[in-house]
Ligand SMILES: C[S@@+](CC[C@H](N)C(=O)[O-])C[C@H]1O[C@@H](n2cnc3c(N)ncnc32)[C@H](O)[C@@H]1O
């Protein structure tokens, strides 16, 4: 089943996702850190640490949003360049302002781009990363396959995404938080009635753990691994082309 941000509106998932992120872009960073109590920052740090040994020089951050994963990659790995692509102009604009403020706009490029049709040649990047993006793809396999296409042979992909805690009592506590508290705060702060209802709904429908690794295996990725974070609220997936 496809979970849409705006159930009572027309438009493909991709159009609706872009509209939703345009609508919440100004409050996105604040809500991210507030709703996760800052843990999202630690998750991104750990995701990028998976690339320490590889020392990639050219990195693609797919669904870069406001660019926090790209900034983390630059800080930890000191690559020559990070290119972030996203389908939401609103998120990219917030990201570009942030890069200027931080004085890293010569190292991090923020471009309009669709994960399912990346405008890069095959085998270009040393590493491809994505945080909280792949769950929003209209066609998950198509998006992941294109991320693989632009990755060099032997290059590494690192994906950070929400998953679902399975053990008592975290499963119950997290379910209450994400279905009741999170949509309420999200709605008031972002002024978007649907965005933070879409979030838990899309997480519930999304493959995680072994099931997600199965998708990566099917697409031809090698050495696939899953690292669950914070009782399984999120997971880091890594794989090699
Ligand atoms: C939850 S945000 C994550 C942003 C950022 N990576 C972070 O860690 O905060 C998800 C982003 O995915 C983008 N997105 C969704 N589908 C996409 C697609 N097909 N291609 C590129 N970006 C996409 C959205 O526009 C949004 O900015």
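FYI, residue positions are counted from 1 along the chain as it appears here.
Cβ coordinates come from backbone N, Cα and C, glycine included.
Nobody curates TrEMBL annotations by hand; they come from automatic prediction.
The feature S-adenosyl-L-methionine binding site is assigned by TrEMBL to 66, 86, 114, 115.
Set side by side, the binding-site residues 86, 114 differ in how many other CB atoms lie within 10 angstroms of their CB, and the most is found at 86. For residue 115 (S-adenosyl-L-methionine binding site), the same-chain residues that are 6 or more apart in sequence and have a Cβ closer than 8 Å to its Cβ are 62, 63, 85, 87, 130, 133, 134, 137, 143, 146, 147. Look at residue 86 (S-adenosyl-L-methionine binding site): DSSP puts it in a strand. With a cut-off of 8 Å between CB atoms and residues at least 6 apart in sequence, the same chain places 25, 28, 29, 91, 94, 95, 98 near residue 66 (S-adenosyl-L-methionine binding site), listed in sequence order.
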